[in-house]
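Inspection log for the structure reproduced underneath, given as C-alpha cells.
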Amino acid sequence: MAAIAIPENTRVFLLDIEGTTTPITFVKDILFPYIRENLEDYLSAHWEEDECKQDVHLLKKQTEEDLRQNKACHVHTVDQTVHTDEEKAIREVVENVLWQMAADRKTTALKQLQGHMWRAAYMMGRIKGEVYQDVVPAIRRWRHHGLKIYIYSSGSVEAQKLLFGYSVQGDILDLFDGHFDTNIGAKVESKSYENIAERIGCQPEEIMFLTDVTREAKAAEDAGVNVAVVVRPGNMELTEEERDHYRIITSFNQLELIGNV
C-alpha cells in the first residue's frame, strides 16, 4: 500500500496491541492455551502463597455474585474454605476458570489469576511477547522526531508491560511514554479518548490512533482523534465503506511524518 502522511499537528501515537502491534493470534493461540495447559500445576505450586489465596478468594466471591445474579444458570462453584482436601479444592478452581474462559468472560477475578500466571511464564522465559517486525523501527523513528508513544489496550496495564518487557525483541518498554487500559474507559466509547488526551495533556486532534477495530476507530474519530486502521493477517475483514472512509495501513512504515520533523 502507498505511504500515508499523518496530520502535521500530530504529537502522540496511541497504539492498540492485538491485531496492531501484535498478531491477533497471540492471545488466542499462545496466552489462553498456556492458562488451560498449566493451570492445575500452577495452583498446586502456589496454593499456600498469599497471592494465590487472594486469587482464589476473588474467584469464590465472583461465584457467589454469579449465583445471586442468576441462580438458574449453571455456575462452577469455588469454595476452598470448606475443603481440607487440597486436590479437590484445586480441581474446583480449575473447573471454574476453564468454564469462565470457555464463556469468554472478562471478570476481574479471572483476569487477575491469568495475569499472575502470565507474569510467572514471562519471567521464566516460557512465553515471549510477539511484536510485528515493522513496529519497533517505526516507533524509534517517531520518537526520534519528538513524538510520544502510548499504548491503549483492553488488556491490563500489567499485561501490556509484560508483553513488551519480555518480547521477542527484548525489553522494549522504554519505547513507550505510558499505558492505558479500560480503567480509562471502554475502547468503543468516544469519552475514553477525550480522557486519554486530557491525561496526556494534549488535544484529541493531536493524537493518531492505530487500531484494527473499526468500532474503536469510530469512537476515537468522534472524539476528534485522527485514526488509521491497521490490516494484518487474521484481522477482521473491512467493508468497502470502511476502506473508503479510513486511512488503511498494513505496516507502520507506511506512515510518513511529513511536516512533523
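Quick reminder: no glycine exception, Cβ is built from N, Cα and C everywhere.
Of the residues Asp212, Asp222, Asp244, Swiss-Prot places Asp212 in the same Mg(2+) site as Asp16, Glu18.
When the candidates Lys128, Lys161, Lys187 are compared with the substrate site entry in Swiss-Prot, which names Ser153, Ser154, the shared residue is Lys187.
In the three-state DSSP scheme, Glu18 (Mg(2+) binding site) is classed as strand. Spacing of Ser153 (substrate binding site) relative to Asp212 (Mg(2+) binding site) is 12 Å (Cα to Cα, whole number). Listed in sequence order, the binding-site residues from Asp16, Glu18, Asp212 having a Cα within 10 Å of the Cα of Ser154 (substrate binding site) are Asp16, Glu18.
Listed in chain order, the residues near the Mg(2+) site other than Asp16, Glu18, Asp212 are Ile17, Gly19, Thr20, Thr21, Thr22, Ile24, Ser153, Thr211, Val213, Glu216, Val230, Asn235, each with its Cβ within 8 Å of the site Cβ centroid.
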